[in-house]
């Protein structure tokens with residue numbers, strides 16, 4: 001197939017329109033949230049958005065799990081803003097996650113900094129911000145909070161849980177630990193186990209934050225300075241891994257930002273200007289401690305490292321769609337293949353596709369038609385057609401120009 | 001061929017023994033060094049070492065060009081130390097660059113911080129350290145200083161100029177600009193043109209230094225603080241690119257440094273400890289401004305971007321050996337192939353080999369037998385055997401278990 005640079009600009013119809021982020025209290029002293037670490041949280045608020053309408057049977061809900069630095073605002077437009085949510089190209093009327101058909105729920109992660117309880121929230125027990133006293137969290141804790149939000153919304157079972165990158169890890173964890181609460185899981189550009197190199201990139205980003213003098217052992221939240229230098233550096237570094245080498249070459253090559261070379265200490269090449277901009281804008285929307293807490297969750301995620309990891313889901317099978325992108329080197333296709341091997345090895349129904357895209361890891365956020373068509377078709381296949389739930393037969397998707405691979 | 005993890009530990013015989021770094025003055029007010037930037041330096045000292053003996057005919061000299069953070073101490077042992085020079089495994093009696101046969105010269109780069117004049121040196125005109133007032137430098141300037149050292153040593157022509165990574169770039173530049181001063185060039189794991197991704201990695205490292213508050217607009221040399229945080233971060237980041245993903249997996253995997261996981265803000269995974277150590281030890285031997293100046297030289301290097309780049313060398317051909325490593329993703333084999341394409345396109349004699357090694361870019365520093373055998377054989381082929389100097393015939397190396405590729 002050809003590279004999808006053309007199709008990603010195909011115009012979209014109107015989206016979900018005006019939306020707002022709401023808050024739900026999902027843990028209180030009578031219903032504390034027990035964490036994997038052994039700690040518990042007496043108060044947890046979750047920021048979330050919903051798009052579309054829940055059917056009377058409550059059987060059309062789709063949960064969106066965000067990646068490392070996402071938030072609840074996945075689609076539509078906030079009052080007074082013009083930029084839509086971070087996954088607006090896939091969620092909306094007639095879009096791949098079609099809000100004419102599905103009731104879509106999107107929430108901000110525990111430990112995040114966009115409305116859900118995290119290290120920048122107030123600890124009610126002390127009246128102070130949590131800071132580094134916020135407990136260590138785990139992928140399971142994310143899923144637990146998602147399920148509490150579901151209960152708050154009156155949803156017992158999701159038609160699908162969908163996520164890219166760390167969002168895909170949540171979808172995977174959810175399917176393994178609570179398979180009775182979802183029918184389908186869509187796992188895009190994810191990993192079940194970071195490599196040493198993956199951890200290395202996260203580690204250098206964290207070190208840039210922690211070693212920034214303004215981090216002040218994590219007490220910066222009480223001060224008027226923040227380790228912005230460290231956070232920018234971490235973000236710039238991460239962005240190198242989000243694009244493929246070819247995408248960098250295509251986007252920037254060796255062009256100079258100001259026409260003529262300005263050899264010296266500042267920005268000169270266009271790629272430097274891009275990274276600089278990414279580092280700066282990130283400061284307006286993210287918190288250094290949240291960055292540390294959330295990257296750590298990814299480092300430790302290793303669900304198949306536990307004996308019996310698939311026992312629950314084998315007893316109550318979930319249908320899987322695993323998607324990766326050929327030029328993704330943040331989580332290369334080998335990561336997705338490992339997920340597929342484990343799931344197929346347990347006899348679970350898995351569809352696996354590698355999409356050709358020159359954009360690397362960032363492809364999961366892009367409107368690449370074969371990718372979106374695939375997600376649309378997977379969500380629309382009636383549950384009844386997936387009869388052999390514990391068989392190795394994956395649902396068949398006609399007419400997609402994607403490469404299907406199953407690699408054991 | 002099989003991966004070379006076994007052979008790289010094959011014991012070496014005794015090396016060149018006790019050595020010392022000497023200083024040569026190669027520019028003074030009567031013979032200033034004119035730089036590409038238009039500036040000049042009225043005083044340049046070069047730190048260098050030599051191994052072996054110069055033949056009476058002065059025809060057995062081999063110049064070693066170091067990579068980004070190397071120094072003049074390539075082989076042997078300094079008084080009071082136990083660790084040999086950075087390329088000791090390839091230089092010595094009976095080694096691939098055999099000091100029983102060759103007179104080896106190794107020097108520290110202009111702009112460096114290990115003896116040769118650079119931003120940490122005193123500017124004689126002001127009596128102050130240069131700091132950011134040190135002029136911008138270029139790959140051509142490196143070569144000019146090497147040639148001045150050669151003149152100081154009474155060497156008009158080198159049997160070979162050898163270098164890995166940025167050392168290979170110097171060897172390439174030298175061969176293109178002063179082909180009359182060398183017979184052979186050995187260019188290992190190098191590039192003739194950094195990609196946007198390559199520049200991105202350097203840029204984030206530089207930003208970590210420049211944004212460190214202790215950088216103080218480059219005035220830290222007059223203060224009692226240095227941007228050590230930034231320099232460590234830059235080094236940690238660079239080290240991620242020096243090893244292949246497989247090498248990281250093999251060396252560290254997901255093992256924990258202290259046996260049991262210690263989830264939190266500090267080092268836990270072994271790979272984190274490794275990077276931490278690399279960042280720390282680098283501080284004892286490198287300077288932040290030198291790091292900025294030298295990485296900038298690489299960013300701007302693009303010899304084949306100039307019309308007529310090969311005119312001089314075509315008129316007075318140099319024999320080339322270009323070597324790369326299959327898992328190198330800092331400068332992938334594609335970079336070496338581009339060098340080969342340009343040289344072969346100009347009708348120059350080029351031998352090109354891709355060595356299988358699981359270690360990535362760092363392979364150029366390792367004792368991989370096929371690689372060292374290749375360098376040895378290339379250096380030993382008598383000049384007379386390379387008759388068709390302007391032909392496309394590369395010298396033939398018998399018995400090497402390396403893959404030979406010529407890619408146009």
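Counting starts with 1 at the first residue shown.
Any Cβ shown, glycine's included, is placed from N, Cα and C.
Predicted, not measured: the structure shown is a model, and the values here were computed from it.
Features of the protein shown, as given by TrEMBL:
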ACT_SITE  B:165  active site, nucleophile
BINDING   B:235, B:362  substrate binding site
ACT_SITE  B:328  active site
SITE      B:330  site 'Important for acyl-CoA specificity'
ACT_SITE  B:361  active site
COMPBIAS  B:396-408  compositional bias 'Basic and acidic residues'
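Reported as a whole number, the C-alpha separation between residue B:235 (substrate binding site) and residue B:330 (site 'Important for acyl-CoA specificity') equals 14 Å. Most Cβ neighbours within 10 Å, among the recorded positions B:235, B:330, B:361: B:361 holds that distinction in the structure as shown. Sequence-distant contacts (6 or more apart, same chain, Cβ under 8 Å) of residue B:362 (substrate binding site) comprise B:242, B:243, B:247. Neighbour list (residue B:328 (active site), Cβ cut-off 8 Å, at least 6 residues apart, same chain): B:189, B:244, B:360, B:361, B:363.
Rounded to the nearest whole angstrom, the C-alpha distance between residue B:165 (active site, nucleophile) and residue B:330 (site 'Important for acyl-CoA specificity') is 9. Annotation note: residue B:361 (active site) sits in a helical segment as assigned by DSSP. Note on the residue listed as 'active site, nucleophile': other Cβ atoms within 10 Å of its Cβ, all shown chains, come to 27.
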